[in-house]
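Since the structure comes first, as structure tokens, the remarks are kept for the end.
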Amino acid sequence: MLQHATITKMTDFSDLDDDDIVGLLDQDVNRCVETSVTRHKLAMQRDLTGKVLDGEKRYYEEVVTSVTYKPTHHQLRYENLNTYLYPTNYEVREYQFNIVHRALFENVLCAIPTGMGKTFIASTVMLNYYRWTVGTKIIFTAPTRPLVAQQIKACLGITGIPYNDTAILLDKSRKHREQIWSEKRVFFATPQVVENDLKRGALNPKDVVLLVIDEAHRARGSYAYVELTKFIDRFNTSYRVLALTATPATDLEGVQEVVDNLQISKIELRTEESEDIVRYMKRRDTEEVIVPLIPEIEDIIEQLGIAITPVLKEAVQLGLYDDCEPVNINAFIAMQQSQKILANSSIPEGVKWKNYFILQLLCHVGHMLKRLKIYGIQTFYTYFDNKYREFTTKYGIGKSTNKTAASFYYSSILKNITKTCQAYTANPSFLGHGKLYRVRDELSTFFASAGDDSRVIIFTELRESALELVKCVDNMNDRFIRPHIFIGQAKGKESFDDGEYLRKHAPKGRKKVDRIRRLEEEKRLADEKLRKKEEEKLARTARRTGSSEEAQISGMTQKQQKEVISLFKKGDYNVLVCTSIGEEGLDIGEVDMIICYDTTSSPIKNIQRMGRTGRKRDGRIVLLLSDNEPRKFEQAMEDYAQLQRLIGEESLNYKVTDRIIPKGINPQCQKEFITISEKNSAVNGMEDADSVIKYATQAMLGKLDKRKAVKKSTGKAAPKRFFMPDDVETGIVPAMKLVKSYKYTENGEAFPVAESVKGRRPKSKDTLLDRLEYDSLESELSSPEKATKSQNVVEIRPKLLSDILLKDEDTLHFEHSSSCPKVDSLASVTTLSSDNKSTPDQLKRSQSDNGFGIPPKRQRLCYDTSANCSSTDTHLMEAQSKNKDNPANRKTGEPHYKLEVSPLKREEDDRDVIPQNIAVKPEVPHLTQECLTTGRVYKSEFSKYDGFLTVSERRYFEQNYSPVHLVSLEPRPVFSRSRNRVAIVPHSERVQRLINIFAAMDTDDKVHIIDMHRKHALARRTVHGGPTENSDLLQPSSDGIIVPNDDIRLFSLRPRATDFEDMLEDDEGLSELLDSD
């Protein structure tokens, strides 16, 4: 029985764990991965009752993954897609032609021997993608400047890519980097530069269509190549990768890691024995020379073995090290065993460190034996003497208590070894290893028949050995042989200074005279040490090998390295003694003979060394082997040959990549001799890498053109861009939006809960005081925070003017009418129209002669408006005179008001219901009957003079209540006389002090801070309806109505500049005061 299930998902990314985010990459990350899981039934073991035993698997799953790609998002030149160009400027080689054709449609790892034209293959692929696409980016990356310069020469001098469309990015300066990425199309850079520009937004990863990676065997771990491809792959899977190397890795696991990191779909591997490449290879004669050990070395090895034998036996008895001859102690094995001891937490601390010190001593002896057997007595004694002086000095003053090591270093045999080595090294004519004799013989024989342009490179792993080789060759006193050292930039490790260590840890004394004496002694010794160094430096400069000796001590800077390579190419030096820095990444030039003074177990290093010769002319390789080096070299080369066979047998898991070119189009090869422009061909005559880089930089900046370049304006730096997948919501997303709420029924079924949307007030354009004006109209139910839990948001309704005026106990009450709609929370402003029977006399009698024009408590309010009200009622009318309340002074046509006494109720159900006998008609142009019936607001924003008042209410309010021009905040109003107009109510002493505090904010007067906070607290309690100090002042009186401050609504038609000018100057300070905690 088969069970089949198909799961489709986007490709996984290391830093994107959410499947929803991965799904947003559809448009530009066009890779689609479909995983099919097929379950096959298995035979199961059962008991006598037929029951399946526990742990038995009922089926096994067969997982099949298929990868497909959507059409590319890059813009293509369809008129050029039918052909691809292959330059015939050089000889057409079959293996190059085949690799180019495959690299155009697949991600290829090109692994061919050094000097076989990897640069030409990359240039041809770059040329065709330059022709096929529009506005895309083509990037060549290499770890060193010489390799970048080599590719620039190929692209400009072979393929003819326009120089003004190329750019070189090697320096650390980021000036105009964004502009260069946007204007150019072909780029030559180091991977670190490209990675940094991608992460800071200077380069859009979606624009990359071709990425060429040189020295691709480095694409392991966290190297820049790995991070670069990972970043691009997050946003763009429709791009081509071409990886170049001579040796992909040392084992199959390493090759698979490179394939996975670079998304390789095919490896094109060629060896020196391949049929299609062997005829293009120059002859390289390889000679393995087995050098026996000289008697002096054998004598020292024997004495060293006798001294270490007791320690070795103890390690074997404890099971720390395998039993072997003392001369065969291996430093690497001892180091591995010591690390296992430290990592084992079950071993007691005392036993652990005792065993660790035993293995550490065996490791040191192993290094001594290796140096002695492979490099000679001089290199051995340098290491031995440093370790001997370090331990004896520390043990002598009690800083070390390692008795195991003391039994070895204080052995009488070691004292004899020290005396013997000192005698050998003091003799300048003594050669400490048989390899040195062979080096002299090989050089003498080679230069005796070679021309002036012949060059030799000697490779060695250790700096001490490199300097010894330079001195050995220089002592031949042959004017035709001129050696020099070539090492890295790091300084040489200084030897242990026992004198300084003893002074540092000697008793210092507590008296002042002891301290002064010690400081004087340290200064004298420092001056003496500096003088001695200067004398040694002067002595080195007098010798021919002085520059090599100085380089071995302080390292070689990039400037010194370039100078040495330049002199080597010119012929000033014809023998270069290199460490691993010369194996790859440097354009050293043509070399006729390679001498490998030592060998390694890494086939990559061996192949890189041998690849330095036999490029343009025949070469010779001499391998000097001693001790176990022949077996180690053979094993390394056999393993690499086996690796090549496994790669050829398709033993790797390759990736399925995007073809980019539409499937229906199959470009045909068009071999063509490409005419190179004069400016492009100028790089062909440049041998120096710096000259090529300088020329390419000038081309990038437009300085090669004859016309004077227009000076670019230096504006602000472009802001950092963050590239995100398409359709991704940017910004901060609340956590609640990432969670889906579900409710479960009694049956256990889940259904999503709709998200509740809370309405918000429209953002107002008013000033701070205007917003305070709005706040006075809001009721306790106008804020969702103050509403009870049982209330619905829709039931929260604003208050009308009548509610404000009668806020203390009762509210308006109207009779219900089914024909009139209820006012919703955001209902439009309506005008309540009454009959036109009210007269000015009736209105005057209804005002109860209170002087304020405010209706008494418990009176029912009705409004009478003229039928000819125009749309201009939505705007404020001009200011009225102070005696506007006199009916005799009113003009005809003004609205009249009728007040009727009616008891009020406080029920929640009928507080905002429109009465039945009142007809609703819009007086605002945009306020239609549809707005009233549906409850929709007729506009999204309200100005300063709007709010929830009707036009008639507002007119009444302006004529009777608001003759002043600005808002007055009265936390505790004090009236000088009972029947007073609001216009002439003076500020209380407390409010006046509050205004003075606002005015003092401009001068930053700190004295008022305490008083300011106290008034702030008082104002907030009053505004929110809290208790005040004198609540009796707020109670209604018989001669007038005094309402809380938040109910006082004062308006102005023409604001006067003289009124409260000081208080309004610092609106920001008032905002900070009222909004602070």
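In case you wondered, yes, glycine gets a Cβ from its N, Cα and C as well.
Check Swiss-Prot against the ranges 214-217, 522-525, 570-573 and you find motif 'DEAH box' recorded for 214-217.
Residues 463-464, 466-467, 470-471, 474, 483-492, 564, 577 of the same chain lie 6+ residues outside the region 'Disordered' (536-556) yet bring a C-beta within less than 8 angstroms of a C-beta in it.
Long-range neighbours of T114 (ATP binding site) (same chain, six or more residues apart, CB within less than 8 Å of its CB): A246, I607, Q608, G611, R612, R615. Note on the binding-site residues P113, G115, G117: the fewest other CB atoms within 10 A surround the CB of G115. Other Cβ atoms within 10 Å of the Cβ of M116 (ATP binding site), summed over all protein chains shown, number 22. In the predicted model, the motif 'DEAH box' (214-217) shows an average pLDDT of 92.
DSSP assigns M116 (ATP binding site) to coil in the three-state reduction, outside any helix or strand. For the ATP site, the Cβ centre of I112, P113, T114, G115, M116, G117, K118, T119 serves as reference, and the other residues of the chain with Cβ at most 8 Å from it are A246.
The motif 'DEAH box' (214-217): residue composition by secondary structure is 2 helix, 1 strand, 1 coil, according to DSSP.
Taking the binding-site residues I112, K118, T119 in turn and counting surrounding C-beta atoms within 10 angstroms, the largest count is reached at K118. With DSSP states grouped into helix (H, G, I), strand (E, B) and coil, the domain 'Helicase C-terminal' (511-660) comes out at 83 helix, 17 strand, 50 coil.
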